[in-house]
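The feature domain 'Tetrahydrofolate dehydrogenase/cyclohydrolase catalytic' is assigned by TrEMBL to 4-118. Residues annotated as domain 'Tetrahydrofolate dehydrogenase/cyclohydrolase NAD(P)-binding' in TrEMBL: 138-279. Here TrEMBL flags 164, 165, 166 as NADP(+) binding site.
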Ligand code: NDP
């Protein structure tokens with residue numbers, strides 16, 4: 001069984017990004033990511049701190065706009081408009097969730113698709129589904145694809161099951177596996193026989209958000225298991241959506257939690273940012 005080490009692959013990706021950032025700097029372009037955070041959600045504060053540290057590691061300038069929870073939608077849209085017009089800003093990321101009085105979709109839609117570091121803008125989502133290359137892609141599924149490549153897993157012709165259909169993970173994950181010629185099934189909370197679907201999957205991607213919902217005994221012998229889930233148990237332990245030990249006993253390759261998809265998601269944000277910066281000098 002091959003343990004797909006997200007930390008190690010993320011370190012390799014970061015090394016590549018750092019090289020690209022230096023090459024751009026030599027051409028007079030300092031890659032910049034701007035993060036917008038509204039209010040005081042504690043998890044958001046931790047995520048944003050992590051993103052800043054990642055940027056520092058690879059030489060990307062990161063700027064955070066931390067606005068009070070009372071910020072109006074109009075004020076937020078005005079800030080996005082300013083950032084869209086600022087040539088020093090290559091990537092813009094609005095940390096979710098936003099306060100309830102703000103229309104999240106309207107804010108994400110206001111980000112220029114050419115600065116959309118998360119790849120959530122409808123133009124970029126559409127571009128992924130019709131196969132337009134060179135646009136930013138959602139970081140988590142993009143990170144999973146890179147992990148499959150590093151583990152020498154070619155999705156072509158394989159049965160791939162994605163459990164979870166969110167806009168940030170499940171749906172774009174299915175599109176990326178389809179693009180690489182897998183036969184894709186997308187399961188969700190109304191799927192009739194999840195165990196049966198899992199049992200047929202050569203590649204299983206679990207993005208559910210429920211601790212160990214996918215039983216190891218369901219996993220097909222020799223399958224590749226990618227666990228996106230991050231669930232904190234009452235005792236503080238972090239576990240995935242798949243029963244790790246039992247699944248690992250059947251899988252040919254599997255990602256751990258933590259140390260699997262999480263570090264890759266963070267690394268892919270840096271990739272998106274430097275790619276957006278490169279596009280400004282082409
Ligand atoms: P969402 O809550 O947006 O989506 C969860 C999906 O799981 C939904 O489509 C839901 O179905 C489906 N689901 C829920 N219960 C079941 C069930 N019993 N059987 C089958 N499907 C079910 O979550 P996200 O996509 O945002 O995140 C998923 C998980 O991945 C979370 O644990 C999150 O923390 C983690 N995550 C990890 C990241 C990383 O970097 N490692 C990045 C992003 C997320 P339905 O649509 O029918 O409700």
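Backbone N, Cα and C atoms are what each Cβ position is placed from, and that goes for glycine too.
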Using a Cβ cut-off under 8 Å and a sequence separation of 6 or more, which residues in the same chain sit near residue 164 (NADP(+) binding site)? 170, 187, 188, 206, 207, 208, 209, 228
Do you know the mean pLDDT across the domain 'Tetrahydrofolate dehydrogenase/cyclohydrolase NAD(P)-binding' (138-279)? 98
So if I measure Cβ to Cβ from residue 165 (NADP(+) binding site) and keep only same-chain residues at least 6 apart in sequence, which ones fall under 8 Å? 171, 174, 186, 187, 188
